[in-house]
Structures are given as structure tokens and as C-alpha cells.
Amino acid sequence: MKLNSIGNILLKIFACVFTIVSLYLLFINITSNYGRLFPMKKLIVVLGAIIILAILLILKHIFDRLDDKKLIKISILFGIILLILQVIFVIYCRVKPSWDFGVIFYDAHRIANSVFELPEYYYNFYPNNIGALLMYTALFKCISLFTTNEIVYLIVGSIFNIIMIDGALVLTYILVKKVFNLKMATLFSFLSIFIIPLFAYSPILYTDTTTMIFPVAILLFLYNYNESKSYDEIWNLIGIGVFGALGVILKTNIIIVVVAIIIYILCTNKIIKGLVSNLIILISFLVIFSGYKAIASYVMPIKYSEAGLPMTHWIMMGLKGDGGYNKEDVDFTSSFKDKEKAKKANIEEIENRLRDYGFKGYLEFLDKKIKFTWNDGTYYSINKLCRQPLEDNKVEEYVIGEKNNIIIYIAQMSNLALIALIFISSIAAFKYRDKHKIVQCVQIAIFGVFLFLVIWEARSRYLVCILPMMMFAAIGGLYSLVGGEDHEIYK
């Protein structure tokens with residue numbers, strides 16, 4: 001891959017912008033308690049993050065002396081530890097399915113054991129969850145051959161959830177090894193143990209975790225595209241389009257990653273090659289997504305274009321309170337039976353809210369909203385585990401009970417360390433060699449998610465699907481911090 005001059009300039013400009021954004025995220029994670037479950041001693045969080053970073057640096061020094069076989073064994077050990085934590089949470093921290101998770105779970109269970117009938121929830125409010133319903137219905141259909149017991153479905157669903165989470169981590173591990181080296185991949189496996197959502201979300205069956213695998217998969221295809229010859233390039237581009245579409249079918253936010261890759265390909269190739277490559281991606285994407293739309297339209301009593309709340313609703317809702325979910329806004333929008341009238345009412349309310357804020361007030365609101373989204377190291381997992389727990393045991397006491405301050409502190413420490421490393425990677429991006437420019441593609445995606453959640457309804461849970469990508473960017477920062485391998489990271 002040879003960077004074109006204009007693309008190289010654009011990537012350097014982006015590096016400046018992303019450095020400022022990541023510095024701001026680092027600043028709020030150091031100085032603010034807003035968005036966290038309780039007021040925390042900031043010095044303890046900072047010291048904890050420094051300790052995690054110090055351990056990573058020490059381990060890097062130790063790993064430099066080990067051969068590949070030992071590094072792989074150590075990686076497997078860290079993976080087993082994470083798996084044990086995930087199983088512990090599934091056994092001891094199960095919850096009664098509620099919110100969207102509950103709707104999809106119970107509908108998939110009902111449909112798998114009777115006839116297919118799409119509830120109003122999916123076409124009048126949230127058609128974005130039809131993909132998840134179809135996926136879990138297919139899974140539960142297999143279980144229905146043996147039992148109708150809901151607990152069994154919940155356990156099997158949790159196992160599937162763990163497979164999707166760990167599948168995403170395995171692909172990230174492979175990507176880190178390809179882009180950097182096995183030592184950094186082993187450090188990635190160690191870092192995974194400290195990222196609380198990777199095991200705290202194990203009992204929660206929803207698209208936040210089941211879609212984690214798709215952004216990483218398309219990044220692997222992108223890496224292979226950069227390193228492959230012309231014939232293989234086509235298959236990797238098709239892979240990006242297909243897996244990108246599958247991710248978007250389950251969670252619309254994944255489109256941001258696809259857009260990031262399209263931008264990256266344009267910036268890192270000659271214009272004609274970039275356009276042709278992106279055309280292949282778009283055609284592959286549209287073939288899969290159009291097929292899904294045809295299926296969704298078939299099972300809905302209304303046109304796909306008429307389904308769901310208007311996009312303006314989510315922008316309107318993102319302008320109130322913390323910028324998160326607001327039932328009053330949902331009731332307001334759904335009170336209009338005509339989608340166009342709802343859209344018009346939303347736009348009017350958006351204008352009113354912006355007028356009420358004023359310029360300074362709007363900036364203060366955005367600061368609060370960004371803290372609410374990016375300053376929660378639990379990524380909203382503890383909040384979800386607090387809702388209708390099925391167990392009452394000692395483990396839960398340390399997760400959602402009076403003694404859960406330990407796990408929440410660890411979550412904040414690891415999140416601060418993660419953001420700090422992403423910030424370091426943003427500085428290193430100015431000097432990355434061509435091979436490591438893929439880190440900038442990840443940064444473009446993270447920045448895209450940042451902008452999206454500034455405009456849209458937001459909360460920390462919406463970052464879970466890009467957590468492996470954030471960890472990859474963090475490893476890029478760590479790699480530059482330790483000087484790479486024989487300084488080959490830099491030009």
C-alpha cells in the first residue's frame with residue numbers, strides 16, 4: 001500500500017482533530033465524576049490507571065525475552081481467565097430479561113415455539129431490532145426441538161453471547177499480531193481481563209455484544225486487502241461489504257465503521273483504485289442488505305420505509321437531560337400516527353431546545369452528554385445487571401450490591417488507561433509507517449462514533465460494539481510508547 005499525497009495530508013489533518021478529541025476524553029476521564037455510578041476519588045482512579053499502564057510496560061519487557069510458544073501459552077491462560085469470569089457472571093449475575101433485551105428474548109422464544117407473527121414493537125417503533133429477533137429466533141428454534149424452558153434458552157443465549165464476544169476478541173488478537181507482533185497480541189489478551197464489559201455483559205443478550213465481531217472482521221479483511229495481490233483484493237473487499245452489511249442488519253451504528261473504511265481506502269490509494277475498491281464494497285453491502293430488507297418487508301404489515309420512529313426523534317431525544325433515552329420523548333413522537341407529522345413535530349421541538357440552550361448552554365449540555373457517554377468504565381453493564389436479578393448470592397453483592405465499589409473502580413481505572421493509550425496512539429499517528437496506518441482507520445471509526453453520539457441519543461452502552469476496536473487503537477498507542485520493534489513503527 002502506498003499512500004497518495006492528498007490522502008496523506010487529509011490523514012494528518014484528521015490526526016490533529018482526533019488528538020484534540022482524545023485529549024478531551026482523557027481530560028474528562030481524569031477530572032470528572034459525571035456519568036459514573038457514584039462520586040469516586042479521582043486520585044485513586046488515576047493511580048490505578050497508571051498501575052495498569054506500568055504492568056503493561058513491565059509485561060512487554062518480560063515478553064521480549066520469551067519465545068512464541070510461551071507467548072501463545074500465556075495468551076491462552078489470559079483467555080481462560082476471561083472465560084472463567086464470563087461463566088461466573090452467567091451463573092451468578094443472570095437477570096430477568098427486560099427492556100429491549102427482554103422484548104427480543106421473549107418474542108424469539110414465543111415465535112420459535114409457535115408461529116411467526118411480528119409484534120407491533122418492531123414495525124411501529126424499532127425495526128432496527130428485527131435482525132436480532134430473526135437471529136435469536138433461529139437459535140431458539142434449534143433449542144425448541146428439546147425444551148421450552150425459558151431458563152435453558154437464557155443459558156444457551158448467554159453461551160452464544162460469550163462465543164460472539166470471545167470471537168471478536170480472538171479476531172482482534174489476530175489483527176494485533178498481524179499489524180504489530182505476538183508480544184503486543186499477548187498484551188492485548190492481558191488487557192482484556194480488566195475491561196469489565198467483556199464479562200459483565202455475558203448474561204445480557206443484545207446487539208451491543210453480538211455485533212462486536214463484525215467491525216473487527218471487516219478490519220481483518222481491510223488488513224488483508226492492503227497486504228494482498230489484485231485477485232485476493234477483490235475477495236477481501238467483498239468480505240468487507242458482506243460482514244459490514246451483517247453488522248448493520250443487527251446494529252445500525254456499525255455503518256460508521258463501514259464509512260470509516262471507505263474513507264480510509266480513498267485516502268490510502270490512488271483515486272481510481274480507491275473508487276473501484278469502494279464500489280465493490282458498496283455492491284457487496286447492498287446485495288446483502290437489500291436481501292435483508294426484502295425479508296423484513298415480507299414479515300412486516302407496512303412498508304419498510306414507513307417503519308419505526310423518524311430519525312429526527314433520536315436527535316430530539318439526544319437534546320434532553322443527559323442525552324440518553326427519555327420516555328416522555330418516545331411518548332411524544334409515538335402520539336403522532338403519521339410519520340411525516342411526527343418528523344415535523346420533532347424538528348420544531350429540536351429548534352425549541354436549541355433556542356432554549358443558546359450557544360453557551362448548548363456547549364455545556366454537550367459537555368455533560370459526552371461525560372455521560374464516555375466517562376463510564378462499566379459501559380452501563382452494572383445498571384443493566386441491577387434490573388430484576390434472578391440470583392441473590394455473594395458474587396452479586398460485589399457486582400450490584402453494597403460491595404460493588406471495587407469492580408466499579410477497576411472499571412474506571414481500566415477505562416482511563418484505555419483512553420490514555422488511545423490518546424497516545426493519536427499522537428503516534430503522525431509518524432506511523434504505511435503498515436500501521438490501519439490504526440488511523442480505527443481512529444476514524446471511533447471519531448465517527450463520537451460525532452454520532454454527540455448528535456444522536458447516547459449512553460455508554462452504545463460504545464460496547466466498538467470496544468475491541470478501541471482496544472486495538474490502545475494497543476497501537478502502547479506499541480508506539482515502547483518504541484515498536486526495532487523502531488520499525490516509524491517512517
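Cβ atoms here come from the backbone N, Cα and C positions, even for glycine.
On a predicted model such as this, the values are computed, not experimentally measured, just so you know.
When the ranges 102-120, 121-139 are checked against TrEMBL, the one recorded as transmembrane segment is 121-139. Across the residues of the domain 'Glycosyltransferase RgtA/B/C/D-like' (160-289), the predicted structure has a mean pLDDT of 95. With helix defined as DSSP H, G or I and strand as E or B, the domain 'Glycosyltransferase RgtA/B/C/D-like' (160-289) counts 110 helix, 0 strand, 20 coil. Counted over residue pairs separated by six or more positions, the transmembrane segment (121-139) shares at least 3 Cβ pairs under 8 angstroms with the transmembrane segment (279-300), which defines the two as touching. Among residues of the same chain six or more beyond the transmembrane segment (461-482), those with a C-beta under 8 A of the stretch's C-beta atoms are 56-57, 60, 168-169, 171-172, 175-176, 179-180, 184, 187-188, 191-192, 195, 197-198, 201, 207-209, 211-212, 215-216, 219, 251, 253-254, 257, 373-374, 379-381, 384, 417-418, 420-428, 432, 436, 439, 442-443, 445-446, 449, 453, 489.
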